[in-house]
Amino acid sequence: MRVYGTGLLKGLKVTFKHFFDRKLTEQYPEERPKLYPRFRGRLYIEPEKCIVCSICVRTCPNGVLSLEEGRDETAKKKRLLSYEIDHQYCMFCNLCVENCPAQCLHFNHEFEWATFSRDQLKVVYQGPAPVEGKETPAPTAVQSQPQKAVTGMGEKEADSPGPDDKREKKKEALKTALAKNPAKVLGRYLENQEEAPILAAFLQNQPQRADKLVELMAEDEDKARKVAEALLKQAKKQGLGETGGESR
């Protein structure tokens, strides 16, 4: 025999259970919510650590990031002039943080975004000031457009870097990242990321092959994945599988 009203009784059971519980009121904003360590709030940058590689600008899918770089006439090293983050388009994908070779991008625990205008969601960081006591000529601006911006009327800017310069910058950035955390970088080019330490240990004694793999990473990612898998097979044949397993 079918009994009607059982669903209603189950719902009322939950209602009455909480009806007699003690009422708790959080005194916000005096009492702040508990946030977990990996919570992604507001993105910020440490300008003094930035190496102006522009990897974050190219990686961002929404064109949130843009930077302006300068180069001193007497120095070869580039210098960060300004760095803009447009938070209204950020989708918190964390790609910029993961791909930054200098590890200067981070998410804090700030979650209050209420503003009176959308322009207040744009944050501009100024680059570090030049060292005092050194005569530094005025830097020349190189680029200040995000990835989604389009140059008008097909006009080519004289100061914009060519494809060869971009490729070299990407190679240097990949070499830096590979030296700091080889397993993390190589894991992106392997089907099984857990085997990345095996390939990293193999390439430590093969600098020429490591340089060749970096070139392929900068030029052709599909070919780089095939070469990485082939090198991994060679590493396993040489008996590095156990070493890689211990490193994990």
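Residue positions begin at 1 at the first shown residue.
From the backbone N, Cα and C atoms, a Cβ is placed for every residue, glycine too.
Bear in mind that TrEMBL entries carry predicted annotations, made automatically and left uncurated.
Fair warning: this is a prediction, and the values are worked out from it, not measured in the lab.
Taken verbatim from TrEMBL:
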| type | residues | note |
| --- | --- | --- |
| BINDING | Cys50, Cys53, Cys56, Cys100 | [4Fe-4S] cluster 1 binding site |
| BINDING | Cys60, Cys90, Cys93, Cys96 | [4Fe-4S] cluster 2 binding site |
| COMPBIAS | 154-172 | compositional bias 'Basic and acidic residues' |
| DOMAIN | 41-70 | domain '4Fe-4S ferredoxin-type' |
| DOMAIN | 81-110 | domain '4Fe-4S ferredoxin-type' |
| REGION | 131-172 | region 'Disordered' |
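The CA atom of Cys93 ([4Fe-4S] cluster 2 binding site) is located 20 Å away from the CA atom of Cys53 ([4Fe-4S] cluster 1 binding site). Confidence in the domain '4Fe-4S ferredoxin-type' (41-70), given as mean pLDDT, stands at 95. Checking Cα-Cα distances from Cys96 ([4Fe-4S] cluster 2 binding site) against the binding-site residues (Cys50, Cys53, Cys56) with a 10 Å cut-off leaves Cys56, in sequence order. Annotated [4Fe-4S] cluster 1 site Cys50, Cys53, Cys56, Cys100; additional same-chain residues within 8 Å of its Cβ mean position, judged by their own Cβ, are Ile51, Val52, Ser54, Ile55, Cys96, Asn99, Pro101, Ala102, Cys104, Leu105, Ala173. Neighbour density at the Cβ, taken as the number of other Cβ atoms within 10 Å, is lowest among the binding-site residues Cys50, Cys60, Cys90, Cys93, Cys96 for Cys93. Within the same chain, residues at least six positions away from Cys53 ([4Fe-4S] cluster 1 binding site) with a Cβ under 8 Å of its Cβ are Pro101, Ala102, Lys169, Lys170, Glu172, Ala173. Considering other CB atoms within 10 Å as the measure, the emptiest surroundings among the binding-site residues Cys56, Cys100 are those of Cys100.
Close to the recorded [4Fe-4S] cluster 2 site, the chain also has Leu43, Cys56, Thr59, Pro61, Asn62, Val64, Leu65, Met91, Phe92, Asn94, Leu95: residues not among Cys60, Cys90, Cys93, Cys96 whose Cβ is within 8 Å of the site's Cβ mean position. Under the three-state DSSP scheme, Cys100 ([4Fe-4S] cluster 1 binding site) falls in the coil class. When the Cα atoms are compared, Cys90 ([4Fe-4S] cluster 2 binding site) and Cys56 ([4Fe-4S] cluster 1 binding site) turn out to be 13 Å apart.
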